[in-house]
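A.B. asks: Structure incoming, see below.
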């Protein structure tokens with residue numbers, strides 16, 4: 001009887017020319033074995049393909065001839081990995097009955113040994129796609145007739161439901177009765193860690209695991225096989241510690257052979273030998289943050305720039321914001337000047353504005369002891385303390401002066417159509433300079449100044465002005481011209497006229513009676529006054545840019561595809577870029593995670609919640625319980641508004657709410673301040689709240705402690721404010 005020579009097994013030497021007793025080379029053309037090295041070409045099969053290709057044959061590593069599954073095994077076997085012997089029937093080779101029967105006879109020992117007949121298409125088990133489970137395999141095949149039927153079954157599975165046919169070879173190997181089998185990933189595909197291994201194992205062969213019949217036991221291993229975690233953690237582990245170490249070694253060798261971590265099917269036989277049944281690249285590897293990647297998030301800037309930006313919008317609004325915040329952090333001594341010059345405080349990802357959360361001090365350091373050993377931050381803050389102390393006293397006056405300067409300038413600017421080209425250029429450059437100053441002072445005012453009790457917000461004034469205008473029947477297209485404070489409810493955009501103003505819902509009656517003298521710009525505290533001027537300057541930029549585009553013959557919908565340097569060239573009399581018409585507008589990007597880092601290729605890698613609750617905070621005291629509402633669709637009577645960001649356009653929705661929950665935001669944001677004005681419990685920093693609490697969920701919100709939890713519907717008797725904090 002032909003046996004499985006142990007030289008095929010786990011301990012086989014790399015490049016060992018003796019492959020055991022199964023020659024399987026009917027044509028006598030067997031050349032020397034290939035060892036691992038450059039990946040074999042995926043070119044076409046030889047013109048005159050043989051009817052049977054043993055895995056030992058040099059051409060067996062060609063995916064175009066034997067399919068990717070068999071080619072990978074041939075390559076692994078040539079490198080000395082523990083692969084069972086076998087042969088491959090190339091596409092069309094099943095017609096040579098004589099050669100096929102000879103190969104079957106040798107491998108099955110005249111039908112005494114059961115075989116496994118599997119698909120091996122050039123389309124499966126590749127770096128692009130595994131096509132796992134898409135084609136048939138037949139186990140425990142006995143006898144010539146059953147073997148022929150199994151081959152036909154595998155070939156027929158190449159016919160796809162859409163009528164197409166996938167090229168198909170057939171891989172034939174001995175059937176091994178495994179004591180333990182399973183799947184091993186040579187990296188952690190969930191976290192994208194290449195220094196971790198993930199193993200799932202069951203008693204018996206791996207087929208019951210990969211088919212989903214059994215869940216198996218999962219093991220997380222370090223690179224050398226050290227057990228990090230096991231699930232389930234109870235008794236009865238199918239794998240021993242020594243077997244886990246051997247699997248880790250196999251994963252390391254496979255990575256060396258194939259040039260990357262592999263998705264491996266394996267089995268231990270009754271004698272304890274480890275066998276490699278299948279090896280393919282991991283196709284669904286999660287991205288991993290680049291070394292030293294900064295922790296980013298949209299929260300601190302989403303209120304100002306909530307929408308996806310065009311390239312020119314990034315240059316007009318993100319760049320001045322970044323400069324202004326960097327100046328504020330430098331003055332406050334919050335970060336080294338060298339770091340502020342090297343790392344932008346605000347940037348964009350996929351056209352969406354994000355901030356460096358650690359630079360802004362919004363994330364607690366994971367390790368505190370280095371700060372205790374490094375005197376530089378303390379010395380820097382000590383040096384800044386004197387400046388900050390003086391600045392805190394001077395800041396209200398500085399803010400008042402800057403606001404007055406901006407107001408005078410805005411009042412003196414003619415309509416853009418009446419500006420000559422030099423004046424148009426000068427105005428746009430002024431807006432970029434003054435925006436940086438406004439952002440710097442606004443940030444410092446938020447950090448150093450306390451708003452007076454019951455102070456007003458620009459959004460609150462805007463709501464009142466909008467309600468009064470509508471009560472008087474003023475059309476929406478005239479509201480902003482008569483009441484520029486209403487711009488506080490909108491985000492800047494170059495892509496067309498300001499979008500429809502929000503519905504004021506039930507505000508009209510009360511707001512229309514408010515004394516306009518009380519609801520004046522002069523009643524705003526410094527930070528709110530500065531924020532409103534930021535929005536006014538942004539709107540001036542929009543009008544100046546659109547006038548520039550009109551004069552240069554640039555379509556208003558395409559001007560946003562320019563960069564600032566290109567627009568400056570047009571302002572100097574140059575022609576628009578020749579490729580402007582061919583530029584493709586950025587694709588709509590998905591909302592960004594609350595916190596994330598960037599991989600080396602720029603992919604967004606969401607920061608995993610480590611359970612520390614850094615960002616969750618109550619921003620408006622009191623407790624409320626009600627039904628989650630996302631701002632769309634019918635509004636529940638006890639609505640708890642759950643949103644991604646505190647977009648000022650949501651301000652009209654606040655009256656009558658039971659509570660407010662946002663994934664990101666600041667206690668100093670417009671909506672947070674408005675929530676306090678309305679006595680509305682509010683929480684920001686609730687990680688993934690939009691997905692965790694879908695519309696209809698019963699929720700209890702504590703705006704003092706920051707607690708947000710689902711409510712037992714059996715004990716809920718309707719939503720209610722549960723009392724405000726003192």
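Backbone N, Cα and C define each Cβ position, glycine as well.
Curation plays no part in TrEMBL annotations; they are all automatic predictions.
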A.B. asks: Suppose you had to name the range TrEMBL annotates as region 'Disordered'; which of 1-52, 53-104 would you pick?
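C.D. replies: So the range that TrEMBL calls region 'Disordered' is 1-52.
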A.B. asks: Checking feature assignment: region 'Disordered' per TrEMBL, candidates 675-700, 701-726. Which range matches?
C.D. replies: 701-726
A.B. asks: What is the three-state DSSP composition of the domain 'Pyruvate phosphate dikinase AMP/ATP-binding' (99-216), stated as helix, strand and coil residue counts?
C.D. replies: 27 helix, 35 strand, 56 coil
